[in-house]
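K.L.:
Taken from TrEMBL, the feature domain 'CS' applies to 2-95. Per TrEMBL, domain 'FAD-binding FR-type' is recorded for 112-221. Per TrEMBL, the feature FAD binding site maps to ARG163, TYR165, LYS189, THR239.
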Amino acid sequence: PKPAVSYEWFQDDSTVTITIQSMGDAIIEEDKVVADLSGKTLRIRLRLSKYFYFFHVELQDNVYSSYNVQVKCKLKCLEIQLVKEKNCVSWSSLGSFLADHNKLVPLKNAESFSRSCTLVNKDSVTHDTTLFTFALPQGSYMWVPIGHHVTLEHDVKGMRISRSYTPVIPALKADEEASDGKTVHLMIKIYPDGALTPLLKALEIGDKVDMKDTEGNFELSTLQSCQNLVLLAAGTGFTPMVRLLHWGIFVSKQINIT
């Protein structure tokens, strides 16, 4: 069955708050949230079970691009708090709702949104592997679930080229998994004759690349009762294993990893 979702909004002199509530069994998790604010256009994508819920609105008035995103897991609620540019001005409505607003879409049918991300750090891991850190635009938040990937897009010789990569964490340390939803780390092997990786290698700090929404079907809940975890990196490569290793070592602490 489709998840049941409701939303409401309220305001005070300086802020506008939007709450999205799961009314059924589907839970809301922080790493299943994507939010993009560009000008007055706010787009929220929330994964609930086998569906994406979309909240899409052209706000009545301008807000600052820095805002607060909070998931209240026990209440199955997502809260977005926006800050008005015009203080003490009351809004008569939230704004104009856009075509896909308040829609539940099966995962496989949902269109993916792309935002321009900035390269903020670039470290050599081996002679042919580089760790890239991309910052999302100021108005964007995106948490990537373990086992999921993002797609990078860029124009190469007049053609739009896209490739998918699994985000990693910078190091296998206890506190490395915490994320503010503002940066994505990608460890990418550079192929000299690759379609996209030579361009990525040539990027300078401050250069931009388009990054699409997270994708993937892996559910971490499948490992909650697991006692022994065997990871085979052949074919998929090592990068999809990095966050699984971190979870098994520092979060679960009850699992044997081979």
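Backbone N, Cα and C define each Cβ position, glycine as well.
Just so you know, TrEMBL annotations are computer predictions that nobody has curated.
Since this is a predicted model, take the numbers as computed values, not measurements.
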K.L.:
Would you mind checking how many other C-beta atoms are within 10 angstroms of the C-beta on THR239 (FAD binding site)?
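P.N.:
THR239 (FAD binding site) is surrounded by 19 other Cβ atoms within 10 Å.
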K.L.:
Relative to the mean position of the Cβ atoms of ARG163, TYR165, LYS189, THR239, the recorded FAD site, which additional same-chain residues have Cβ within 8 Å?
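P.N.:
For the FAD site the neighbour list reads SER164, THR166, LEU186, MET187, ILE188, THR197, GLY237.
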K.L.:
For LYS189 (FAD binding site), what residues in its own chain, 6 or more apart in sequence, show a Cβ-Cβ distance under 8 Å?
P.N.:
ASP128, THR129, THR197, GLY237
K.L.:
Cβ distance under 8 Å to ARG163 (FAD binding site), same chain, sequence separation 6 or more: which residues?
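P.N.:
Sequence-distant Cβ neighbours: THR151, LEU152, ALA195, LEU196, THR197.
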K.L.:
Far apart in sequence but close in space: which same-chain residues, 6 or more away, have a Cβ under 8 Å from TYR165 (FAD binding site)?
P.N.:
HIS149, VAL150, THR151, LEU152, LEU186, ILE188, THR239
K.L.:
Treating G and I as helix alongside H, and B as strand alongside E, what does DSSP give for the domain 'FAD-binding FR-type' (112-221) in helix, strand and coil?
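P.N.:
Looking at the domain 'FAD-binding FR-type' (112-221) with DSSP, the answer is 8 helix, 53 strand, 49 coil.
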K.L.:
Would you give the longest CA-CA distance, in whole angstrom, between residues of ARG163, TYR165, LYS189, THR239, the set recorded as binding FAD?
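P.N.:
Between the outermost Cα atoms of ARG163, TYR165, LYS189, THR239, the distance is 14 Å.
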